[in-house]
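Asker: The structure that follows is given in the form of structure tokens.
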Amino acid sequence: MPGKMAMIFGASNILWIVFAASQAFKIETSPESRTLVQIGDSVSLMCSTTGCEAPSFSWRTQIDSPLNAKVRNEGTKSTLTMDPVSFENEHSYLCTATCGSKKEEKEIKVDVYSFPKDPEIQLSVKCVVPDVYPFDRLEVELLKGDSRMKHQEFLEDMERKSLETKSLEVAFTPTLEDTGKALVCRAQLHMFETDSEEASPKERETYRELQVYILPKNTAIHVHPSTSLQEGDSVTMTCSSEGLPAPEIFWNKKLDNGDLQLLSGNATLTLIAMKVEDSGIYVCQGVNVIGANGKEIELIVKEKPFTVDISPGHQVATQIGDSVVLRCSVTGCETPSFSWRTQRDSPLNGIVSSDRTESTVTLTSVSLENEDHYLCTVTCGRRKMEKEVQMKVYSFPQDPEIEMSGLLVSGTPVTISCKVPLVYPSGHLEIEIHKGETLMVNKHFLEEMNIKSLENKSLEVTFTPTSEDTGKVLVCQAKLHIGEVESEPKQRQSTQTLYVNVAPTDTTVSVNPSAVLEEGSSVNMTCTTRGLPSPKILWSRQLSNGDLQPLSENTTLTLISTKMEDSGIYVCEGINEAGRSRKEVELIIQVAPKDIQLTAFPSESVKEGDMVIISCTCGNVPETWIILKKKTEMGDTVLKSIDGAYTIHKVQLEDAGVYECESKNKVGSELRSLTLDVKGRENNKDYFSPELLVLYCISFLIIPAIGMIIYFARKANMKGSYSLVDAQKSKV
Ligand SMILES: *[C@@H]1O[C@H](CO)[C@@H](O)[C@H](O)[C@H]1NC(C)=O
Ligand SMILES: *[C@@H]1O[C@H](CO)[C@@H](O)[C@H](O)[C@H]1NC(C)=O
Ligand SMILES: *[C@@H]1O[C@H](CO)[C@@H](O)[C@H](O)[C@H]1NC(C)=O
Ligand SMILES: *[C@@H]1O[C@H](CO)[C@@H](O)[C@H](O)[C@H]1NC(C)=O
């Protein structure tokens, strides 16, 4: 069912549209049917159509007179314009629109009228000639000065005999120029005397001198400087009025009851040193013989504004200990009186001094107690005014202090602290630490502000300097934001140029000519090291207990003509603030063997079969080889000795002879010899078996220098001998 309904509605819609299209061609006009226009104005009639693409229009009047108008066609519109409108336009206009075969027509009626001006009052002059006969001979003229205003001859039919009164009237508007001129009415009756040939008319004339008066008018007031004034001001009012004769000017003041009080008969009224009571309505009157014209003006005199200024401003920030002067000054009051108080009604703590228009409070040394509002009350007569200044107290007496937890050493963290001492209000403090261009840390100390005291605030930052930081500037900047008083915060800063120390390093020692020397020669030991600042050199000798004995602060330690005792460990230290670095060198001074002793025990002279010990002892010289030999005809026999001692348990005759001990090191050698004498016994021969032995000098076996042992071992090997040095070497 709903589907069917929809179909029905659809069909009826289509039908309606078709119907509407066929009925669409219509004509409309504006104005609709009638318009009223004043002659001289302009009017447009408009005709428009709907339902036609391109209609054609035509205009005509109902009685087919000329249109007296301009036609303009524009699409579906046609306009008929009458400009200006005249009597010829008082018609019914018909607009005809044609669209194909269809035609529509509509009519607009244009009614015209004329009523352009206000009415005028006109005066006239009338010249009356009474009781004239024969009045057809009468000629009357009206003259103003020399010019004729009007003239008339009464050439009328004389139907009856009667005396008649004739008159001549002319409209007359007097002007100022007419004053003094004569107004003449001249009447002539053209009658002829009996015995005279010429016409000699009878003539009468009346003469009046014109006096033109003008009522005072256009009374105007000019006020300088203004109608709105202040106490003490002056005002000049000038009044003018037009009229004839020229009006006299009177200045009055309107009293409260409406009466006028005469002030001056002068056009210019000047009032000086005005008071509030001078306010009111002033009336200027222009007066002449025929009347008066007045004009009112109201003057308003206000009390001089009374102002109180407080300086340095509505807020002032003062540093603790400084002095400040609060100044309250008055303008617009002759005899003000001043009083000062604080908002919390605490004592002023200041010196008050007042003169006529100014009062000051001087606070010589501002303290935290002065943080208050100071109010200045000024009384001027009945009026009272109060101004306040808010005293902000601050303390920011010193530049920040930069402190470092220690020396700046490359690679070692250091804590920098920036301390701002004795600051108030600390809650408004901001500290920043910059390194070069970089902000390292900043902090706003936005804390509770209940405590009124000076505080030390500090900001810390830890960083690890590198040598690139040297030369950079460390800046500690403290800003104290003191309210709105100053848009810029108070600012203090301290700077410190960074110098980063580098601990001594790469300490090296060069020994010239060598660390192993012969006694008596000289040696230069040169130490170099690096660091920042340049390290100091300290040469010391290491004592047997490990202590260092300082020797020199020169780079090069020179030992001239060395002795054996100069052997030992020398230490060079590079020292600066950042640390120390050491390098050791062992100096070995070699000495040629000396003071060796060769002895025979118990004696150099023994009996066959006795025991004899031949012993060779070396002197106090290290690194010495000892060789014990027996000289024979066949050559030298090296004896096998123990600790330099060669024991013959049972001495034989053959053992007698020359024994030699050679002490030798790489520096030199020393020889000692003795002759053993053996006395014979019977059957007491022992066998002789000399053995080869190289003895190392016992007394210096304890020398620990490995280098030396190697050296000697090498030396021994080269000689193809074995020694206990080898044992020493293998032990190492
Ligand atoms: C008017 O005022 C002017 C100047 O103020 C003065 O010269 C003149 O005499 C005054 N006239 C009268 C009538 O007061
Ligand atoms: C603040 O530092 C100053 C020195 O700069 C010192 O005399 C004072 O005692 C310190 N005050 C406080 C509260 O630490
Ligand atoms: C040590 O140095 C000095 C000065 O430079 C020089 O005169 C001397 O010959 C040097 N001695 C040795 C052993 O090199
Ligand atoms: C250090 O050197 C200077 C000159 O070069 C010399 O006069 C001085 O004696 C030296 N000091 C030592 C302790 O060697």
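Cβ atoms here come from the backbone N, Cα and C positions, even for glycine.
Note: TrEMBL annotation is automatic and uncurated.
Okay, so TrEMBL annotates it like this:
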type     : residues : note
DOMAIN   : 25-111   : domain 'Ig-like'
DOMAIN   : 216-302  : domain 'Ig-like'
DOMAIN   : 305-390  : domain 'Ig-like'
DOMAIN   : 504-588  : domain 'Ig-like'
DOMAIN   : 593-677  : domain 'Ig-like'
SIGNAL   : 1-24     : signal peptide
TRANSMEM : 693-713  : transmembrane segment
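Looking at the shown structure, can you explain where the listed features end up?
Answerer: Confidence for the domain 'Ig-like' (25-111), expressed as mean pLDDT, is 90.
DSSP assignment over the domain 'Ig-like' (504-588) gives 3 helix, 57 strand, 25 coil.
Taking H, G and I as helix, E and B as strand and the rest as coil, DSSP gives the domain 'Ig-like' (593-677) the counts 3 helix, 48 strand, 34 coil.
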